[in-house]
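Just below is one structure, and these are the notes that go with it.
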Amino acid sequence: MVKIGDLKCAISTAFGIEWAARGAPEANSMNSLQLTHVTAGVCEALSACRAAAPMDYRSPAPCEAWENVTSTVHNWLYRTSTVRCGCGTWDNDPRTCFSRAFLPLLFASAGVTLLAAPKDFEDTGESSDDESEVDEEGDLLEPPKETPVRERLWHLDYARIICVACTVTEHSGGRHYSDRNLVWVQQWVLPYLYTISGTAFMLSRSGLCLYEFRLLLVFLAGTMANLVADIVSGRDWRNNVGNTVFQMAYILVLMVLSFLLAPLKKALQWRAEYPTAPATHHIRLLTALWAVLAAAPFVYFVGGWSLIDPYHVQGMLKNAKHSGLESIFYQAPLFFARSFGFIFLAWLAAFSGKTAWAGWILMVVSYAAHIFVPFSKGGHPLNLDLFVLGMLTYQWPVKFKTELAWLMRQYWPLIFGVLLILSTPEVTGRCDLHPLNTCWERFRFRAIEFVLISALITDALNTSDTFGLTRWLNVWALYAYCFHVAWARMLPLPYGAVVTYASIPFFYLLNRYANQT
(Lines of atoms letter the chains of each structure in order from A; the text may use other names.)
(Lines give C-alpha, C1' and ligand atoms only; values in the text may rest on other atoms or scores of the structure.)
Protein backbone atom coordinates (compact mmCIF):
# COMPACT_ATOMS: atom_id res chain seq x y z
CA MET A 1 0.00 0.00 0.00
CA VAL A 2 1.38 3.41 -0.99
CA LYS A 3 -0.02 6.65 0.37
CA ILE A 4 -1.29 9.13 -2.19
CA GLY A 5 1.01 11.85 -0.78
CA ASP A 6 4.02 9.57 -1.20
CA LEU A 7 2.98 8.69 -4.75
CA LYS A 8 2.70 12.35 -5.70
CA CYS A 9 6.07 13.08 -4.13
CA ALA A 10 7.62 10.22 -6.08
CA ILE A 11 6.09 11.18 -9.42
CA SER A 12 7.14 14.80 -8.90
CA THR A 13 10.71 13.72 -8.27
CA ALA A 14 10.89 11.20 -11.10
CA PHE A 15 9.23 13.22 -13.86
CA GLY A 16 9.45 16.83 -12.68
CA ILE A 17 5.66 17.23 -12.45
CA GLU A 18 4.27 20.01 -10.24
CA TRP A 19 0.85 19.09 -8.83
CA ALA A 20 -1.53 21.93 -9.57
CA ALA A 21 -4.28 20.67 -7.27
CA ARG A 22 -2.38 20.32 -4.02
CA GLY A 23 -5.47 21.29 -2.08
CA ALA A 24 -8.04 19.33 -4.04
CA PRO A 25 -10.76 17.93 -1.72
CA GLU A 26 -10.65 14.59 -3.45
CA ALA A 27 -7.01 14.23 -2.56
CA ASN A 28 -7.83 14.59 1.12
CA SER A 29 -10.67 12.09 0.90
CA MET A 30 -8.46 9.34 -0.51
CA ASN A 31 -6.76 7.36 2.21
CA SER A 32 -4.59 5.07 0.08
CA LEU A 33 -4.05 3.79 -3.40
CA GLN A 34 -3.28 0.19 -4.33
CA LEU A 35 -0.57 0.05 -6.99
CA THR A 36 -0.25 -2.90 -9.32
CA HIS A 37 2.60 -1.54 -11.37
CA VAL A 38 4.95 1.37 -10.78
CA THR A 39 7.82 2.39 -13.03
CA ALA A 40 11.38 2.09 -11.79
CA GLY A 41 11.80 5.84 -11.70
CA VAL A 42 8.77 6.31 -9.46
CA CYS A 43 9.89 3.53 -7.12
CA GLU A 44 13.35 5.02 -6.77
CA ALA A 45 11.98 8.51 -6.18
CA LEU A 46 9.46 7.20 -3.66
CA SER A 47 12.22 5.52 -1.68
CA ALA A 48 14.31 8.69 -1.78
CA CYS A 49 11.47 10.92 -0.59
CA ARG A 50 10.49 8.55 2.20
CA ALA A 51 14.08 7.96 3.28
CA ALA A 52 14.73 11.69 3.49
CA ALA A 53 11.85 12.26 5.90
CA PRO A 54 11.81 11.48 9.62
CA MET A 55 9.74 8.44 10.54
CA ASP A 56 6.72 10.46 11.62
CA TYR A 57 6.56 12.24 8.27
CA ARG A 58 6.53 9.11 6.13
CA SER A 59 2.90 8.30 6.92
CA PRO A 60 1.22 11.51 8.11
CA ALA A 61 -1.91 11.19 10.21
CA PRO A 62 -5.14 12.46 8.61
CA CYS A 63 -5.17 15.53 10.89
CA GLU A 64 -1.71 16.44 9.60
CA ALA A 65 -2.57 15.99 5.93
CA TRP A 66 -3.15 19.72 5.46
CA GLU A 67 0.61 20.23 5.76
CA ASN A 68 1.25 18.00 2.76
CA VAL A 69 -1.76 18.99 0.64
CA THR A 70 -2.29 22.73 0.92
CA SER A 71 -3.43 25.68 -1.16
CA THR A 72 -3.17 25.56 -4.95
CA VAL A 73 -2.09 29.21 -5.16
CA HIS A 74 1.64 30.02 -5.28
CA ASN A 75 3.19 33.45 -4.93
CA TRP A 76 6.74 34.71 -4.73
CA LEU A 77 6.62 35.76 -1.07
CA TYR A 78 4.38 33.67 1.17
CA ARG A 79 3.75 30.34 -0.56
CA THR A 80 6.59 28.41 -2.17
CA SER A 81 6.39 25.88 -4.96
CA THR A 82 8.69 23.61 -2.93
CA VAL A 83 6.73 21.66 -0.32
CA ARG A 84 9.54 19.39 0.82
CA CYS A 85 13.23 19.71 0.05
CA GLY A 86 14.38 16.67 -1.90
CA CYS A 87 11.05 16.28 -3.71
CA GLY A 88 10.32 17.97 -7.01
CA THR A 89 12.57 19.30 -9.75
CA TRP A 90 15.15 22.09 -9.63
CA ASP A 91 14.92 24.96 -12.07
CA ASN A 92 18.62 24.35 -12.78
CA ASP A 93 21.08 21.56 -12.07
CA PRO A 94 24.83 20.96 -12.54
CA ARG A 95 24.35 19.35 -15.97
CA THR A 96 22.94 22.40 -17.75
CA CYS A 97 24.98 24.63 -20.04
CA PHE A 98 24.24 27.54 -17.73
CA SER A 99 25.81 25.78 -14.74
CA ARG A 100 28.87 24.68 -16.71
CA ALA A 101 29.41 28.26 -17.89
CA PHE A 102 28.41 30.11 -14.73
CA LEU A 103 30.61 28.30 -12.20
CA PRO A 104 33.99 28.79 -13.96
CA LEU A 105 33.08 32.40 -14.75
CA LEU A 106 32.19 32.95 -11.09
CA PHE A 107 35.55 31.66 -9.85
CA ALA A 108 37.48 33.45 -12.60
CA SER A 109 35.75 36.74 -11.75
CA ALA A 110 36.53 36.22 -8.08
CA GLY A 111 40.20 35.64 -8.90
CA VAL A 112 40.41 38.84 -10.93
CA THR A 113 38.62 40.76 -8.18
CA LEU A 114 41.07 39.47 -5.56
CA LEU A 115 44.02 40.59 -7.66
CA ALA A 116 42.48 44.01 -8.27
CA ALA A 117 41.18 44.61 -4.73
CA PRO A 118 42.95 47.37 -2.76
CA LYS A 119 45.60 45.94 -0.47
CA ASP A 120 45.99 46.67 3.23
CA PHE A 121 49.10 48.46 4.45
CA GLU A 122 51.06 47.99 7.65
CA ASP A 123 49.58 49.33 10.85
CA THR A 124 52.01 52.28 10.68
CA GLY A 125 49.84 53.83 8.01
CA GLU A 126 52.71 54.11 5.52
CA SER A 127 52.04 53.67 1.83
CA SER A 128 52.72 50.47 -0.04
CA ASP A 129 55.92 51.99 -1.51
CA ASP A 130 57.71 51.02 1.70
CA GLU A 131 57.48 47.30 1.00
CA SER A 132 59.36 44.74 3.06
CA GLU A 133 62.64 43.57 1.60
CA VAL A 134 63.07 39.96 0.51
CA ASP A 135 66.12 38.03 -0.57
CA GLU A 136 66.56 36.03 -3.77
CA GLU A 137 64.84 33.01 -2.24
CA GLY A 138 61.77 35.05 -1.39
CA ASP A 139 62.45 35.10 2.36
CA LEU A 140 61.96 38.29 4.33
CA LEU A 141 65.01 40.12 5.63
CA GLU A 142 63.21 42.30 8.17
CA PRO A 143 61.76 41.04 11.48
CA PRO A 144 58.00 40.35 11.59
CA LYS A 145 55.59 42.94 12.93
CA GLU A 146 54.06 42.37 16.35
CA THR A 147 50.60 40.85 16.20
CA PRO A 148 48.05 43.13 17.91
CA VAL A 149 46.29 41.73 20.96
CA ARG A 150 42.67 40.79 20.22
CA GLU A 151 39.68 40.63 22.49
CA ARG A 152 38.45 37.27 23.74
CA LEU A 153 35.95 35.80 21.29
CA TRP A 154 33.41 34.52 23.78
CA HIS A 155 30.73 34.14 21.13
CA LEU A 156 32.70 31.35 19.47
CA ASP A 157 32.56 29.34 22.71
CA TYR A 158 28.84 29.96 23.14
CA ALA A 159 28.14 29.10 19.50
CA ARG A 160 30.13 25.87 19.71
CA ILE A 161 28.33 24.79 22.89
CA ILE A 162 24.87 25.56 21.51
CA CYS A 163 25.64 23.88 18.17
CA VAL A 164 26.71 20.71 19.98
CA ALA A 165 23.53 20.84 22.08
CA CYS A 166 21.48 21.07 18.88
CA THR A 167 23.42 18.13 17.45
CA VAL A 168 22.58 16.09 20.55
CA THR A 169 18.89 16.80 19.99
CA GLU A 170 19.12 15.94 16.28
CA HIS A 171 20.81 12.58 16.87
CA SER A 172 18.76 11.61 19.93
CA GLY A 173 15.29 11.59 18.41
CA GLY A 174 14.64 15.30 17.82
CA ARG A 175 14.93 15.33 14.04
CA HIS A 176 11.76 17.40 13.78
CA TYR A 177 13.67 20.50 14.84
CA SER A 178 15.93 20.36 11.80
CA ASP A 179 13.23 18.94 9.51
CA ARG A 180 11.07 22.00 10.18
CA ASN A 181 14.10 24.30 10.36
CA LEU A 182 13.03 25.80 13.67
CA VAL A 183 14.93 29.01 14.47
CA TRP A 184 16.84 28.55 11.18
CA VAL A 185 18.92 25.69 12.61
CA GLN A 186 19.81 24.51 9.11
CA GLN A 187 21.38 27.89 8.38
CA TRP A 188 23.64 28.19 11.41
CA VAL A 189 24.31 24.94 13.32
CA LEU A 190 26.58 23.15 10.82
CA PRO A 191 27.73 26.40 9.14
CA TYR A 192 28.81 27.76 12.51
CA LEU A 193 30.57 24.52 13.44
CA TYR A 194 32.63 24.56 10.24
CA THR A 195 33.43 28.27 10.47
CA ILE A 196 34.40 28.02 14.13
CA SER A 197 36.53 24.95 13.40
CA GLY A 198 38.44 26.95 10.79
CA THR A 199 38.94 29.80 13.25
CA ALA A 200 40.04 27.37 15.98
CA PHE A 201 42.59 25.88 13.57
CA MET A 202 44.05 29.35 13.03
CA LEU A 203 44.06 30.01 16.79
CA SER A 204 45.88 26.77 17.60
CA ARG A 205 49.58 27.14 18.39
CA SER A 206 50.17 23.39 18.29
CA GLY A 207 52.14 21.83 15.50
CA LEU A 208 50.22 19.94 12.84
CA CYS A 209 51.18 16.49 14.16
CA LEU A 210 50.04 17.30 17.70
CA TYR A 211 46.85 18.91 16.39
CA GLU A 212 46.03 15.83 14.31
CA PHE A 213 46.86 13.53 17.21
CA ARG A 214 44.40 15.33 19.47
CA LEU A 215 41.68 15.07 16.84
CA LEU A 216 42.50 11.37 16.46
CA LEU A 217 42.03 10.80 20.20
CA VAL A 218 38.62 12.49 20.05
CA PHE A 219 37.68 10.40 17.02
CA LEU A 220 38.69 7.13 18.68
CA ALA A 221 36.84 7.97 21.92
CA GLY A 222 33.55 8.71 20.16
CA THR A 223 33.82 5.82 17.70
CA MET A 224 34.58 3.29 20.44
CA ALA A 225 31.59 4.55 22.42
CA ASN A 226 29.38 4.08 19.36
CA LEU A 227 30.80 0.59 18.81
CA VAL A 228 30.02 -0.44 22.38
CA ALA A 229 26.50 0.94 21.99
CA ASP A 230 26.03 -0.98 18.73
CA ILE A 231 27.14 -4.22 20.36
CA VAL A 232 24.88 -3.69 23.37
CA SER A 233 21.86 -2.76 21.24
CA GLY A 234 22.48 -5.55 18.72
CA ARG A 235 23.05 -3.33 15.67
CA ASP A 236 24.77 -4.89 12.66
CA TRP A 237 27.95 -2.83 12.96
CA ARG A 238 30.09 -5.23 10.91
CA ASN A 239 28.15 -4.53 7.71
CA ASN A 240 27.58 -0.84 8.41
CA VAL A 241 30.81 0.62 9.74
CA GLY A 242 29.87 4.08 8.52
CA ASN A 243 26.85 4.13 10.81
CA THR A 244 29.09 3.19 13.72
CA VAL A 245 31.44 6.08 12.99
CA PHE A 246 28.39 8.34 12.45
CA GLN A 247 28.90 11.78 14.03
CA MET A 248 32.63 11.20 14.48
CA ALA A 249 33.06 11.39 10.70
CA TYR A 250 33.06 15.16 11.22
CA ILE A 251 36.32 14.77 13.15
CA LEU A 252 37.78 12.85 10.20
CA VAL A 253 36.76 15.72 7.94
CA LEU A 254 38.53 18.18 10.26
CA MET A 255 41.65 16.02 10.19
CA VAL A 256 41.71 16.00 6.39
CA LEU A 257 41.03 19.73 6.14
CA SER A 258 43.70 20.55 8.71
CA PHE A 259 46.25 18.51 6.79
CA LEU A 260 45.36 20.07 3.43
CA LEU A 261 45.20 23.62 4.74
CA ALA A 262 48.17 23.70 7.14
CA PRO A 263 50.37 25.42 4.51
CA LEU A 264 47.58 27.93 3.86
CA LYS A 265 47.46 28.69 7.59
CA LYS A 266 51.13 29.65 7.58
CA ALA A 267 50.72 31.66 4.38
CA LEU A 268 47.82 33.67 5.81
CA GLN A 269 49.76 34.34 9.01
CA TRP A 270 52.80 35.45 7.04
CA ARG A 271 50.73 37.71 4.81
CA ALA A 272 49.04 39.28 7.85
CA GLU A 273 52.49 40.32 9.08
CA TYR A 274 53.67 41.51 5.66
CA PRO A 275 50.55 42.77 3.84
CA THR A 276 52.27 44.18 0.73
CA ALA A 277 55.54 42.25 0.52
CA PRO A 278 56.22 40.21 -2.64
CA ALA A 279 55.08 36.62 -2.23
CA THR A 280 57.73 34.10 -1.29
CA HIS A 281 58.68 31.32 -3.69
CA HIS A 282 56.89 28.86 -1.41
CA ILE A 283 53.60 30.77 -1.71
CA ARG A 284 54.01 31.16 -5.47
CA LEU A 285 54.64 27.44 -5.91
CA LEU A 286 51.64 26.34 -3.82
CA THR A 287 49.36 28.89 -5.49
CA ALA A 288 50.32 27.45 -8.88
CA LEU A 289 49.83 23.90 -7.57
CA TRP A 290 46.30 24.61 -6.36
CA ALA A 291 45.53 26.34 -9.64
CA VAL A 292 46.34 23.09 -11.45
CA LEU A 293 44.42 20.98 -8.92
CA ALA A 294 41.37 23.22 -9.36
CA ALA A 295 41.63 23.31 -13.16
CA ALA A 296 41.40 19.53 -13.56
CA PRO A 297 37.90 19.05 -12.03
CA PHE A 298 36.73 22.26 -13.72
CA VAL A 299 37.62 20.71 -17.10
CA TYR A 300 35.58 17.63 -16.20
CA PHE A 301 32.69 19.75 -14.97
CA VAL A 302 32.59 22.05 -18.01
CA GLY A 303 32.82 19.03 -20.30
CA GLY A 304 29.78 17.49 -18.63
CA TRP A 305 31.63 14.29 -17.76
CA SER A 306 31.07 12.14 -14.68
CA LEU A 307 33.45 9.81 -12.92
CA ILE A 308 30.79 7.16 -12.24
CA ASP A 309 27.51 6.02 -13.74
CA PRO A 310 24.93 6.78 -11.03
CA TYR A 311 22.51 4.20 -12.47
CA HIS A 312 24.95 1.28 -12.25
CA VAL A 313 26.66 1.40 -8.87
CA GLN A 314 27.27 -1.32 -6.34
CA GLY A 315 28.97 -1.87 -3.01
CA MET A 316 30.41 1.16 -1.24
CA LEU A 317 29.28 3.57 -3.97
CA LYS A 318 25.69 2.43 -3.55
CA ASN A 319 25.88 2.80 0.24
CA ALA A 320 27.29 6.32 -0.19
CA LYS A 321 24.14 7.50 -1.95
CA HIS A 322 22.47 8.98 1.13
CA SER A 323 25.58 9.57 3.23
CA GLY A 324 27.96 12.49 3.53
CA LEU A 325 30.04 10.93 0.76
CA GLU A 326 27.29 11.37 -1.84
CA SER A 327 28.57 14.69 -3.15
CA ILE A 328 32.14 13.37 -3.38
CA PHE A 329 31.22 10.34 -5.51
CA TYR A 330 28.07 11.32 -7.37
CA GLN A 331 28.99 14.97 -7.97
CA ALA A 332 32.77 14.56 -8.01
CA PRO A 333 33.64 17.09 -10.77
CA LEU A 334 31.40 19.76 -9.26
CA PHE A 335 32.41 19.06 -5.66
CA PHE A 336 36.15 19.12 -6.33
CA ALA A 337 35.90 22.07 -8.70
CA ARG A 338 34.17 24.09 -6.00
CA SER A 339 36.38 22.87 -3.15
CA PHE A 340 39.75 23.10 -4.88
CA GLY A 341 38.71 26.32 -6.58
CA PHE A 342 37.88 27.83 -3.21
CA ILE A 343 41.24 26.82 -1.76
CA PHE A 344 42.96 28.27 -4.82
CA LEU A 345 41.20 31.61 -4.29
CA ALA A 346 42.47 31.68 -0.70
CA TRP A 347 46.00 30.97 -1.93
CA LEU A 348 45.61 33.65 -4.59
CA ALA A 349 44.69 36.14 -1.87
CA ALA A 350 47.82 35.18 0.08
CA PHE A 351 49.87 35.54 -3.11
CA SER A 352 48.57 38.93 -4.22
CA GLY A 353 48.61 40.71 -0.85
CA LYS A 354 46.44 41.15 2.20
CA THR A 355 43.04 42.69 1.50
CA ALA A 356 40.10 43.07 3.85
CA TRP A 357 37.82 42.42 0.88
CA ALA A 358 38.96 38.79 0.57
CA GLY A 359 36.45 37.45 3.10
CA TRP A 360 33.49 39.12 1.38
CA ILE A 361 34.65 37.98 -2.05
CA LEU A 362 34.90 34.36 -0.92
CA MET A 363 31.49 34.55 0.76
CA VAL A 364 29.88 35.83 -2.44
CA VAL A 365 31.48 33.00 -4.41
CA SER A 366 30.31 30.36 -1.94
CA TYR A 367 26.70 31.49 -1.70
CA ALA A 368 26.30 32.37 -5.38
CA ALA A 369 27.36 28.81 -6.21
CA HIS A 370 24.81 27.43 -3.74
CA ILE A 371 22.03 29.54 -5.23
CA PHE A 372 22.61 29.10 -8.95
CA VAL A 373 24.14 25.60 -9.16
CA PRO A 374 22.24 23.39 -6.66
CA PHE A 375 23.18 19.79 -5.99
CA SER A 376 22.26 17.16 -3.42
CA LYS A 377 24.76 16.76 -0.59
CA GLY A 378 23.55 13.42 0.77
CA GLY A 379 23.61 13.06 4.53
CA HIS A 380 26.07 15.82 5.41
CA PRO A 381 27.25 19.06 3.78
CA LEU A 382 31.03 19.05 3.52
CA ASN A 383 31.44 22.80 4.10
CA LEU A 384 35.10 23.17 3.20
CA ASP A 385 34.36 26.70 2.01
CA LEU A 386 33.21 27.77 5.48
CA PHE A 387 36.25 26.17 7.12
CA VAL A 388 38.51 28.22 4.82
CA LEU A 389 36.36 31.28 5.44
CA GLY A 390 36.78 30.87 9.21
CA MET A 391 40.55 30.68 8.76
CA LEU A 392 40.81 33.70 6.49
CA THR A 393 38.39 36.04 8.25
CA TYR A 394 40.04 35.48 11.62
CA GLN A 395 43.52 36.23 10.31
CA TRP A 396 42.34 38.97 7.94
CA PRO A 397 39.32 40.75 9.46
CA VAL A 398 36.76 41.64 6.81
CA LYS A 399 36.19 45.15 5.51
CA PHE A 400 33.81 47.25 7.63
CA LYS A 401 33.96 44.64 10.39
CA THR A 402 33.69 47.15 13.24
CA GLU A 403 30.95 49.17 11.55
CA LEU A 404 28.85 46.12 10.69
CA ALA A 405 29.21 44.69 14.19
CA TRP A 406 28.00 48.01 15.64
CA LEU A 407 25.04 48.14 13.24
CA MET A 408 24.00 44.56 13.98
CA ARG A 409 24.14 45.09 17.72
CA GLN A 410 22.14 48.30 17.44
CA TYR A 411 19.47 47.10 15.01
CA TRP A 412 19.26 43.34 15.52
CA PRO A 413 15.44 43.48 16.05
CA LEU A 414 15.02 44.89 12.54
CA ILE A 415 17.42 42.32 11.10
CA PHE A 416 15.43 39.60 12.87
CA GLY A 417 12.27 40.88 11.17
CA VAL A 418 13.90 40.78 7.73
CA LEU A 419 15.03 37.20 8.32
CA LEU A 420 11.48 36.24 9.25
CA ILE A 421 10.21 37.66 5.94
CA LEU A 422 12.89 35.73 4.04
CA SER A 423 11.90 32.47 5.75
CA THR A 424 9.89 29.74 4.00
CA PRO A 425 7.74 28.24 6.80
CA GLU A 426 5.77 25.91 4.49
CA VAL A 427 8.83 23.92 3.46
CA THR A 428 9.97 20.86 5.40
CA GLY A 429 13.02 18.67 4.95
CA ARG A 430 16.75 19.31 5.04
CA CYS A 431 17.08 22.18 2.60
CA ASP A 432 20.75 22.58 3.49
CA LEU A 433 21.33 19.08 2.07
CA HIS A 434 18.69 19.02 -0.68
CA PRO A 435 18.27 22.56 -2.06
CA LEU A 436 14.92 24.18 -2.71
CA ASN A 437 13.55 23.91 -6.22
CA THR A 438 13.71 27.51 -7.47
CA CYS A 439 16.49 30.07 -7.57
CA TRP A 440 14.40 32.62 -5.65
CA GLU A 441 13.70 30.14 -2.87
CA ARG A 442 17.36 29.18 -2.66
CA PHE A 443 18.30 32.86 -2.51
CA ARG A 444 15.98 33.39 0.44
CA PHE A 445 17.39 30.36 2.23
CA ARG A 446 21.04 31.27 1.66
CA ALA A 447 20.50 34.98 2.36
CA ILE A 448 19.54 34.08 5.93
CA GLU A 449 22.67 31.98 6.27
CA PHE A 450 24.77 34.80 4.78
CA VAL A 451 23.51 37.24 7.42
CA LEU A 452 24.06 34.77 10.27
CA ILE A 453 27.59 33.95 9.11
CA SER A 454 28.29 37.68 8.74
CA ALA A 455 27.22 38.20 12.35
CA LEU A 456 29.69 35.50 13.39
CA ILE A 457 32.77 36.64 11.45
CA THR A 458 32.30 40.33 12.29
CA ASP A 459 32.10 39.48 16.02
CA ALA A 460 28.70 41.15 16.22
CA LEU A 461 27.62 38.28 18.49
CA ASN A 462 30.52 38.67 20.89
CA THR A 463 29.61 39.02 24.55
CA SER A 464 31.23 38.19 27.89
CA ASP A 465 31.33 35.41 30.48
CA THR A 466 31.27 36.97 33.94
CA PHE A 467 30.65 33.70 35.78
CA GLY A 468 33.03 31.56 33.71
CA LEU A 469 30.34 29.24 32.35
CA THR A 470 32.10 28.52 29.07
CA ARG A 471 35.11 27.08 30.90
CA TRP A 472 33.25 23.94 31.93
CA LEU A 473 30.50 23.98 29.29
CA ASN A 474 33.19 23.59 26.62
CA VAL A 475 34.33 20.41 28.35
CA TRP A 476 30.73 19.19 28.52
CA ALA A 477 30.28 19.94 24.80
CA LEU A 478 33.28 17.76 23.95
CA TYR A 479 31.92 14.92 26.10
CA ALA A 480 28.41 15.32 24.69
CA TYR A 481 29.59 15.25 21.10
CA CYS A 482 31.57 12.05 21.62
CA PHE A 483 29.03 10.10 23.69
CA HIS A 484 25.50 11.34 22.92
CA VAL A 485 24.95 8.88 20.06
CA ALA A 486 26.01 5.95 22.26
CA TRP A 487 23.50 6.94 24.94
CA ALA A 488 20.77 7.44 22.33
CA ARG A 489 21.35 3.95 20.90
CA MET A 490 21.43 2.13 24.22
CA LEU A 491 18.45 3.89 25.81
CA PRO A 492 14.87 4.30 24.58
CA LEU A 493 13.75 7.68 23.29
CA PRO A 494 14.14 10.29 24.65
CA TYR A 495 16.29 9.12 27.56
CA GLY A 496 19.57 9.18 25.65
CA ALA A 497 19.25 12.94 25.29
CA VAL A 498 18.08 13.22 28.90
CA VAL A 499 21.21 11.45 30.15
CA THR A 500 23.47 13.63 28.01
CA TYR A 501 21.87 16.86 29.18
CA ALA A 502 21.64 15.65 32.78
CA SER A 503 25.43 15.41 32.88
CA ILE A 504 25.76 19.22 32.72
CA PRO A 505 25.58 19.71 36.53
CA PHE A 506 28.31 17.09 36.96
CA PHE A 507 30.73 19.12 34.84
CA TYR A 508 29.85 22.24 36.82
CA LEU A 509 30.61 20.46 40.11
CA LEU A 510 33.79 18.99 38.67
CA ASN A 511 34.97 22.45 37.60
CA ARG A 512 34.09 23.88 41.02
CA TYR A 513 36.02 21.13 42.77
CA ALA A 514 39.03 21.68 40.51
CA ASN A 515 39.02 25.39 41.31
CA GLN A 516 38.88 24.75 45.06
CA THR A 517 41.76 22.26 45.04
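Every residue, even glycine, has its Cβ placed from backbone N, Cα and C.
The compositional bias 'Acidic residues' feature in TrEMBL is assigned to 123-140.
What TrEMBL records for 121-144 is region 'Disordered'.
Only residues 6 or more beyond the boundaries of the transmembrane segment (215-233), in the same chain, are considered here, and those with a CB under 8 A from a CB of the stretch are 244-248, 251-252, 254-255, 258, 478, 481-483, 485-487, 489-490. For 215-233 (among others), the entry in TrEMBL reads transmembrane segment.
The transmembrane segment feature in TrEMBL is assigned to 245-264 (among others).
Sequence annotations record features per position, and here TrEMBL assigns transmembrane segment to 285-308 (among others). Panel annotation: around the transmembrane segment (285-308), residues 94-95, 100-101, 103-104, 107, 263-264, 267, 279, 317, 329-330, 332-337, 340-341, 343-344, 347-348, 350-351 of the same chain, lying at least six beyond its termini, place a Cβ under 8 Å from a Cβ of the stretch.
Same-chain residues lying 6 or more positions outside the transmembrane segment (328-350) and placing a CB less than 8 Å from one of its CB atoms are 94, 103-104, 107, 110-111, 114-115, 260-261, 264, 267-268, 270-271, 279, 283, 286-287, 290-291, 293-294, 296-298, 300-301, 305-308, 310, 317, 320-321, 358, 361-362, 365-366, 369, 373, 375-376, 378, 382, 384-385, 388, 391-392, 396. Residues annotated as transmembrane segment in TrEMBL: 328-350 (among others).
Among the features that TrEMBL reports, transmembrane segment is placed at 357-375 (among others).
Packing against the transmembrane segment (493-510) from elsewhere in the chain are residues 165, 168-169, 172-174, 472-473, 475-476, 479-480, 483-484, 487: each is 6 or more residues past its ends and has a CB under 8 Å from a CB in it. The feature transmembrane segment is assigned by TrEMBL to 493-510 (among others).
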For the transmembrane segment (245-264), give me same-chain residues lying six or more residues beyond its boundaries with a C-beta closer than 8 angstroms to one of its C-beta atoms, as numbers and ranges.
167, 171, 193, 197-198, 201, 208, 211-212, 215-216, 218-219, 222-223, 226, 282, 286, 324, 343, 346-347, 350, 380, 382, 384, 387-388, 391, 481-482, 484-485
